[in-house]
Amino acid sequence: MGTTSDEMVPVEQASSTSSLDPLCFECGQQHWARENHLYNYQGEVDDDLVCHICLQPLLQPLDTPCGHTFCHKCLRNFLQEKDFCPLDRKRLHFKLCKKSSILVHKLLDKLLVLCPFSPVCQDVMQRCDLEAHLKNRCPGASHRRVDLERRKTSQTQTQIEGETGSTVIDPPGTLPPETDCSGTVPGERNLTPASLPVWTEEPGLDNPAFEESAAADSVQQPLSLPEGEITTIEIHRSNPYIQLGISIVGGNETPLINIVIQEVYRDGVIARDGRLLAGDQILQVNNYDISNVSHNHARAVLSQPCSTLQLTVLRERRFGSRANSHADGSAPRDEVFQVLLHKRDSTEQLGIKLVRRTDEPGVFILDLLEGGLAAQDGRLNSNDRVLAINGHDLKHGTPELAAQIIQASGERVNLTIARPGKPQPSNGSREAGAHSSSNHAQPPSHSRPGSHKDLTRCVTCQEKHITVKKEPHESLGMTVAGGRGSKSGELPIFVTSVPPHGCLARDGRIKRGDVLLNINGIDLTNLSHSEAVAMLKASAASPAVILKALEVQIAEEAAQATEEQPSAFSENEYDASWSPSWVMWLGLPSALHSCHDIVLRRSYLGSWGFSIVGGYEENHTNQPFFIKTIVLGTPAYYDGRLKCGDMIVAVNGLSTVGMSHSALVPMLKEQRNKVTLTVICWPGSLV
């Protein structure tokens with residue numbers, strides 16, 4: 001993959017001073033532009049993720065029509081001299097190759113690498129994080145930059161000195177305390193002084209900003225979207241069938257209801273556009289409303305092939321932005337009106353959830369319970385402000401005071417309501433902050449109020465025992481993914497495809513998406529991917545194989561079956577582009593869940609920085625708690641481990657099962673400097 005030092009051409013032939021070896025600013029190592037980046041990989045890499053030209057993990061992988069995968073640069077360089085596939089020697093043209101799926105890119109991005117400045121920095125991170133590490137966090141790269149700047153300044157002053165006869169002494173404080181007198185880090189003390197930039201732009205050396213794919217792939221500063229407002233953007237793609245490069249969570253079978261972006265993948269269409277971020281909510285696709293539809297329906301709509309994609313999205317407000325959003329006085333005046341509700345008896349509930357906000361005083365309607373008195377009346381909306389109840393002023397009141405007034409009001413409840421003159425978005429989430437259980441931005445007013453299906457009825461699991469007879473050396477004929485500690489997360493082993501003409505394809509009972517629990521009496525549920533693959537291959541040598549698997553079925557309502565699949569996924573069990581649905585993971589039994597602890601810390605009494613939905617009071621069912629948004633500039637955001645769609649199953653060791661929403665939010669707020677969240681993280685659906 002790389003070249004040896006004797007193949008390197010000196011960059012500065014006439015330089016009076018030797019230079020530090022120029023390094024690539026993406027991988028931190030020395031290589032030519034026509035070659036791949038170099039990484040110090042940690043741990044074993046699955047053979048399926050290795051390029052069989054350079055024998056290194058894939059970079060910018062390309063799939064050939066004959067079913068093989070190689071690095072973009074390796075294959076391009078090979079086909080400049082040859083016209084056949086390196087493996088099966090079938091005729092091949094570079095233009096017929098296409099980018100591998102986002103799932104493959106995601107697995108490769110999560111490979112662990114060691115920092116190239118290992119003498120002073122022993123950090124191990126995911127491959128996709130190395131560039132940011134070198135730029136922002138690595139002490140070795142930082143020292144190198146400081147040394148370069150010092151030497152460049154010294155060289156400039158030497159030139160000035162030769163012209164003017166003056167002498168300039170380096171100002172104090174040029175070097176950081178950790179830098180020794182030579183200006184180099186310990187690992188570089190044997191190197192000569194530098195006169196080149198750390199990340200050189202000299203011809204012949206790697207500078208990703210000027211690679212042939214740079215115009216499409218480089219994302220410098222994301223274009224900002226207005227916060228707390230519904231915005232419509234257009235996404236353009238030259239190939240209408242290429243994936244968007246995002247993963248999504250949510251859907252009306254979960255408390256999230258809306259579709260939320262969990263991750264934006266590098267090199268994807270959305271990443272190149274640069275405007276959408278993780279946590280943004282997608283409300284419409286090409287004017288089709290997906291704000292209250294099932295997860296797989298929304299996924300199918302987003303997967304429709306088109307060159308121009310029109311997305312209506314909502315980004316949550318950060319702290320304090322609402323109060324100042326109309327400081328110029330241009331905000332429309334609130335509409336104030338009366339709503340009189342008649343209860344059948346004094347004990348009947350109105351079906352209204354009331355909350356306070358962090359950035360405005362008073363009491364606000366968070367949600368209307370489906371089938372409740374207020375929802376049947378139809379005049380109240382989420383985000384309405386309650387100014388008074390039966391004449392009691394609540395402009396600076398609390399939800400608790402409002403609830404007491406309603407309970408004591410008898411059969412007539414007269415509400416004085418203020419509603420923004422221009423419809424504002426509203427949301428069913430609560431901020432796990434330091435002040436109140438409020439939302440910073442809300443779902444659109446055209447959303448059906450907070451109704452979602454029971455998840456247990458949407459996803460079903462059926463265990464099956466299968467005995468397959470085969471020739472002793474015949475392959476089982478399936479590909480699998482997952483495994484404990486896998487790059488996609490703590491997933492069980494699951495079937496990704498069943499190639500035709502194989503043993504299992506003839507049998508017909510193992511399907512794509514099945515979770516493998518056991519083979520020939522050997523448990524697979526706690527094995528890593530490589531361990532499980534080795535076990536499957538060893539068991540395949542037997543003339544008969546006994547498989548125990550779990551078939552996960554996502555049940556769509558019969559009336560919506562046709563409507564909710566405008567672009568049905570291929571039923572071919574050998575579809576290389578298939579990836580599992582996020583909802584599929586939610587339906588797995590608890591024995592297959594893998595929990596991990598995330599400790600958040602803060603030095604001030606601000607917000608933890610995430611909003612939650614779910615809990616016992618959602619539709620009077622026991623729904624899990626989901627993270628809906630993560631707010632920029634907060635402990636959760638800077639920690640980086642929490643994702644939208646994560647399930648919170650315990651707080652400081654206390655289980656959240658059966659806990660109400662109104663009980664969990666204050667518990668989170670009461671934690672002062674540290675909180676331990678036990679979460680289950682499932683990867684979102686790729687689109």
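Note: Cβ is positioned from N, Cα and C throughout, glycine not excepted.
The compositional bias 'Polar residues' annotation in Swiss-Prot covers 154-167 (among others).
The compositional bias 'Polar residues' annotation in Swiss-Prot covers 424-445 (among others).
Under the heading domain 'PDZ 1', Swiss-Prot lists 232-317.
Under the heading domain 'PDZ 2', Swiss-Prot lists 338-421, citing sequence analysis as support.
According to Swiss-Prot, the domain 'PDZ 3' annotation covers 465-551, on the basis of sequence analysis.
Annotation source Swiss-Prot lists domain 'PDZ 4' at 597-685, citing sequence analysis. Looking only at the domain 'PDZ 4' (597-685), the predicted model's pLDDT averages out at 86.
Annotation comment: Swiss-Prot describes 207-210 as motif 'NPXY motif'.
Residues annotated as zinc finger in Swiss-Prot: 51-89. If one looks beyond the zinc finger (51-89) by at least 6 residues along the same chain, the residues whose Cβ comes under 8 Å of a Cβ in the stretch are 1, 34-37, 39, 41, 45, 96-100, 104-105, 108, 111, 127, 213, 267, 576.
When each of 232-317, 338-421, 597-685 is checked for Cβ pairs under 8 Å to the domain 'PDZ 3' (465-551), 597-685 comes out on top.
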